[in-house]
Structure formats: C-alpha cells, structure tokens
Amino acid sequence: MDQFLLVLVSGIASGAIYGLMGLGLVIVYRATDVVNFALASLATLGLYAAITFHDNGAAVLVGVLGAVVVTVVAGLLVREVVIRPLGQGRLFAALVVTMGVALIAESVVSSVWGTQPKSFPSIVDGTVRLRGVAIPAQSLLTIAVAGVAMGLVAFLFGRTTTGSAMRAVAESADTAQVVGISAQRIARLAWALGLGLGALAACLYAPKVGLAPTVLSAPLFRAFAGIFLGGLNSMYGAVVGGLAVGVLENLGASYVSASFRDTFVFTFTVLVLLIRPQGLFGTRTFQRV
C-alpha cells in the first residue's frame, strides 16, 4: 500500500506536468489552429536562461519567472515573424514551420550552453510524510502549482471578458471579428498564455531530470498523448488526459516493467482513439460537402 501511494503521487505529479503542457498546446490550437511543436524547445530555451540567472546569483523563483518571460517573448517573436505571415488555414505549413523552429531552438541551446547535461535546482527539498510514506516535497509542490495554474486558466476562460473573447475566437474567428473582437490580439494572448504554461511545466519537470537540449522531448510527446486521449479541442480533456498518462506510465513502470512505460501509455491511447476518435472529451467536427 505504501508503494502504491508513492507511485500514485509520482504519477499525478508527472501527469500534472503533462496536463499543464497539454493545456498550453490546446489553448494555442483553439485560438490559431496551430499545433505548436516548438513549445518544448522554446521552453528549453527558457530553462537555460533560468539556470543562467541562477548561476549569477538569482533566486530559484526569479529564475523560474525569467524562464517564463524568455519563453513567452521567444514564442511571440516566432508567432509574429514566421507563423502570422502564413495566414489562416495553413495547418500543415504551420506544423512544419514549428518543427523547424524547434530544431533551430535546440541548435541555439546546444551552441550557447553546450550539450553536457546540467542540474536544475529544486524549488523545495526534502520529503513530506503522508500516511507514513515519505513523499518528495517537489512532487507535492508540482501538483499544487499545476493545480493552481489550471484553476486560474479555468477562471480566465469562465469568468472574464478576455476569456469569453478567447472562447468566441475558438468557435469562429470571423464571427468574433464581426462583433468587434480582434482575432490577432486574442491569438497573441493565446500564444503568450500557452507558452507561459509550457515554461511553467518545464520548470516543474527539470529538477527531476536535469537539463539537456532535448530534455522536454519526452514530456512533449506524452502531453500530445494526453491531448489525443482527452480530445484535441478540449482544455478539460488535455488536463484529464495528461493526468491519465502520468498515472498510467508510473503504474506500468512500477508493476509491469519500466521498459514498457511508453508502450503501455500509447497502446492505451490508441485503443481509446479506435473507439472514440475525437478523444474522451473532444467533439466531432462535421463539414458539409
């Protein structure tokens, strides 16, 4: 029972990271129809900026804030310089461009900071006793921070004028513009919010695994698994899907085999998609022909 509790908390912490990253991806996709494969690489750039700030005497939390700012600024530059000129409806072109941006960002990180692994400081150290089990404090902090961030996003979309405008653009950018909502302003806000969530997820993930130019590749693909599991156009689904992926991979690694960690997760995701192609919480889209 003690082992199960430890595995469960670890799975929820991992799932919270995947859910947070997936939420950022879905927010960008809903507002701009862009699947942002560059999110992880841009967040990695932010992580290296954070460790640079920390190495020069800044507190860990200041470094985390710096990572979020650097990631958001870099992402907005990418959006304005290479995504916006593509125009609306260029899904495949935008997908290829974000993949290219991801490779460029990884190359920049490797050139500036090198490819040797680095450690990333934990925000908190030690353990917390929970029902007699020593739970890493960083895992509990990850769950708490991700939960607060998700709650704030839910409040933004459910209770504010800006959130209502973002939902309107997600439904129909053309209709939103007719009633005076600037689709371009909403797109910038969506990119900033999505990238900020991605950077926060990266800062919660890095203390566990350290830094490397491709450190966020694994959580990015697991976040995508969570999105497809929950539904590509559902923010709620991205969170639930991410949590499910985190718990499943930890249960599979602990009670089946660590070598089948990813196989277990992606097999389950594929089975769900075979039964429900739009994901657990996604909606079908129909086009009249």
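Backbone N, Cα and C atoms are what each Cβ position is placed from, and that goes for glycine too.
Automatic, uncurated: that is what TrEMBL annotation is.
The shown structure was predicted, so the numbers you read here are calculated from the model rather than taken from an experiment.
Listed in TrEMBL for this protein:
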- 6-27: transmembrane segment (TRANSMEM)
- 34-51: transmembrane segment (TRANSMEM)
- 57-79: transmembrane segment (TRANSMEM)
- 91-113: transmembrane segment (TRANSMEM)
- 133-157: transmembrane segment (TRANSMEM)
- 189-207: transmembrane segment (TRANSMEM)
- 227-251: transmembrane segment (TRANSMEM)
- 263-281: transmembrane segment (TRANSMEM)
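Spatially, the transmembrane segment (34-51) is adjacent to the transmembrane segment (189-207); three or more Cβ-Cβ distances between them are under 8 Å for residues at least 6 apart in sequence. Here the transmembrane segment (57-79) touches the transmembrane segment (189-207). Their Cβ atoms form 3 or more pairs under 8 Å, with each pair 6 or more residues apart. The list of residues near the transmembrane segment (189-207) in space but at least 6 beyond its ends in sequence, with Cβ under 8 angstroms from a Cβ of it, reads 16-18, 20-21, 23-28, 30-32, 36, 39-40, 42-44, 46-47, 50, 64, 67-68, 70-72, 74-76, 79, 120-123, 138, 141-142, 145-146, 149, 153, 156, 162, 166, 169, 215-216, 219, 223. Proximity of the transmembrane segment (133-157) to the transmembrane segment (6-27) is established through 3 or more Cβ-Cβ distances under 8 Å for residue pairs spaced 6 or more apart. Between the transmembrane segment (6-27) and the transmembrane segment (227-251) there are 3 or more Cβ pairs closer than 8 Å, counting only residues 6 or more apart in sequence, so the two stretches are in contact. Among residues of the same chain six or more beyond the transmembrane segment (263-281), those with a C-beta under 8 A of the stretch's C-beta atoms are 222, 225, 227-232, 234, 236-237, 240-241, 245, 248-249, 252-253, 256.
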